[in-house]
Amino acid sequence: MNDTVEACVEALKAGRLAILPTETVYGLAADAARPEAVAAIFEAKGRPRFNPLIAHVADPEQAAAIGELDGAALKLCEAFWPGPLTIVAPVRAGDRVCDLARAGLNSVALRMPGHPEARAVIAAFGGPVVAPSANRSGRPSPTTFSDAVAETGTFAAAALDGGPCGVGVESTVVSIVDGGVSLLRPGAVTRSEIEALVGPLSDKGQGHRSPGRLTSHYAPDAPLRIEAVSTAPGEILLGFGPGVGDPRWSLSPTGDLREAAARLFRLFREADRESPSGIAVSPIPLEGLGEAINDRLRRAAGFVG
Ligand code: TXA
Ligand code: MG
């Protein structure tokens, strides 16, 4: 299964699903305006409840037609689009991103992906495309084409191979609904990069305001232990930094947070294939992209964020 941009556009126009590459993780995409198509996504993912989805757009003009992008939002778009930043804003045109896709909220999540082939599909399709990560619910997000097809390929009418995802963790989600900018989900664009533009972020009560951030969302099958400084028998250690554990299982032998983010979910999957008694992960620094990595690790380990 490896189709063209055109085949993906045809699938979306027919109300069917398409697996699309993005720079963060692979997405399972549908026409944002069609509730039946959006429902097919929830079905394919086996989601326990309807979480609001991100509407992916080809350009900022398309985003501004769907949501109310104010001064702070426009600054962020200009700085980080195309790229791994999602902006939640008051909805303007509710018919373009249907109620089911917004989980009935009067806000809408907007993102212009950095991956050129994702944008090519959206532009040729001519409207917003919702796309949660292409994994089954509760499993790590796929960061390679083959992992995406293995997870949800049977539910997709088309799938586009855009190579391995460069970023490897989901986009940062910020909300600009009530004047201030708050961080709903840490991700590839870091808190300090955003604060440099719009001032201090608030992330109080983020668990309530970003529905669907289930603790188990990012979990591998094997029990996960974080901040590990040694391993128990049968455990695989995902190390970080020089000389920590087996380099084959290292998130980044050089201690590079970008590399660690890009390898995280893939190593979860590869470790699971070895059926270890558990997966232990070395401490990861909290700065920069480390905030998003630690967030995913805490959830995967069963701690409520
Ligand atoms: O990197 C990504 O963003 C990937 C790729 C495929 O683009 N997509 C992705 O989608 O991670 P998903 O559905 O797994 O995550 C959407 C996130 C959730 O945390 C959801 O709660 C939040 O966005 N969200 C969406 N609409 C929202 C809204 N109106 N208010 C608050 N949070 C919202
Ligand atoms: Mg997801």
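Yeah, the Cβs are placed from backbone N, Cα and C, and that goes for glycine too.
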Next item on the list: Select one of Arg34, Arg111, Arg139: the residue that TrEMBL places in the L-threonine site alongside Thr24, His56, Ala131, Ser171.
Entry: Arg111
Next item on the list: Using C-alpha atoms only, work out the spacing between Ser171 (L-threonine binding site) and Arg185 (ATP binding site) and round it to an integer in Å.
Entry: 8
Check: Per the record, L-threonine is bound by Thr24, His56, Arg111, Ala131, Ser171: how many Å separate the farthest pair of Cα atoms?
Finding: 13
Check: ligand 2: which of the binding-site residues Thr24, Asn51, Ser133, Ser171, Arg185 have a Cβ closer than 6 angstroms to it?
Finding: Ser133
Checklist line | Thr24, Asn51, Ser133, Ser141 as binding-site residues, winner by CB count within 10 A | finding: Thr24
Checklist line | Nearest recorded site to Ser141 (ATP binding site) by CA-CA distance, among binding-site residues Thr24, His56, Arg111, Ala131 | finding: Thr24
